[in-house]
Amino acid sequence: MSKPGDYNAVRRDIAAQLKKPGYDDGSAGPVFVRLAWHSSGTYDAASDTGGSNGAGMRYEAEGGDPANAGLQHGRAFLEPVKEKHPWITYSDLWTLAGVVAIEEMGGPKIPWLPGRTDFVDDSKVPPRGRLPDGAQGADHLRFIFYRMGFNDQEIVALAGGHNLGRCHADRSGFQGPWVNNPTRFSNQFFKLLLNMEWKPKTLENGVSQFVYIDPEAEDHEEPLMMLPTDVALRDDPAFRPWVERYAKDKDLFFDHFSKAFAKLIELGIQRDASGKVTNTDNVKGGYHSAPKKSDEPTGPPRPHTAQRAAKL
């Protein structure tokens, strides 16, 4: 057990959990980033609810949300870290895991401060439906992200997280990676989005996405994919200039992503001038069993229809 407050020790142990032979592309890094993202992206500025406080995915109301399907793996991978450092809250652990994963996969350093607390029951878990739906378009992205307090530039910067990981048909309904090296943080997502010919494809489950098939690729190689929301970034006149800038300038993208992600994981957190959290509506909670639905190997896919996606 480490000394309370030894976050460097926690960082080291998170980094030690990244290598996962047999899991997606051999790395837990992308799922740690998604865990930090989804645990923070429920924030609603108007009501000041949701956000990175609480670790609500420990409860069925949030953890069982189909939008969070697959994140049970990320939470399980971090349990040995929690057991070794029982003083850290889940909400701090999950957000820190995303920060460490991005840095370890070659991404920018992201400011992170501790102090989040965990819900002791599910009474403050935010309602479902606050996370982005990849089957939608530009209007949906603005509705979701403006609600949290982000602008168009920050929306595009955060979308660069799609340099990491892959989609799974039994989770989101979509299938495949965005880039050829989904465990290395880069600006490749933006380059591919602009330069490749993305063709619509309807999967066997009825979900529509966009794919690029390299004619020179080996037969066993998986085609790359883009979500309808990704293609909307390319086609929207206000989003596209940022896509173009990030495709050309990796350093600019890294700088903007770092700032936007730091803002994301602070949503719902109030601090004084010293950085101490001043939220008073929460106390530190203990361990809670993983939610039933999201404790299964895979969760149910989000409801999508080819007809709705085709309208984008």
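Including glycine, each Cβ sits where the backbone N, Cα and C put it.
Annotated in Swiss-Prot:
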SITE      Arg34  site 'Transition state stabilizer'
ACT_SITE  His38  active site, proton acceptor
BINDING   His162  heme b binding site
ACT_SITE  Trp178  active site, tryptophan radical intermediate
REGION    276-312  region 'Disordered'
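Annotated features, which come from Swiss-Prot, shown on the structure.
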residue : record                                       : DSSP (3 states)
Arg34   : site 'Transition state stabilizer'           : helix
His162  : heme b binding site                          : helix
Trp178  : active site, tryptophan radical intermediate : coil
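For the pair the residue listed as 'active site, proton acceptor' and His162 (heme b binding site), the C-alpha distance works out to 14 angstrom. Calculated from their C-alpha atoms, the gap between Trp178 (active site, tryptophan radical intermediate) and His162 (heme b binding site) amounts to 6 Å. For His38 (active site, proton acceptor), the count of additional Cβ atoms within 10 Å of its Cβ stands at 22 [all protein chains shown]. Taking each of the recorded positions Arg34, His162 in turn and counting other Cβ atoms within 10 Å of its Cβ gives the largest count for His162. Here the C-alpha separation of Arg34 (site 'Transition state stabilizer') and His162 (heme b binding site) works out to 10 Å.
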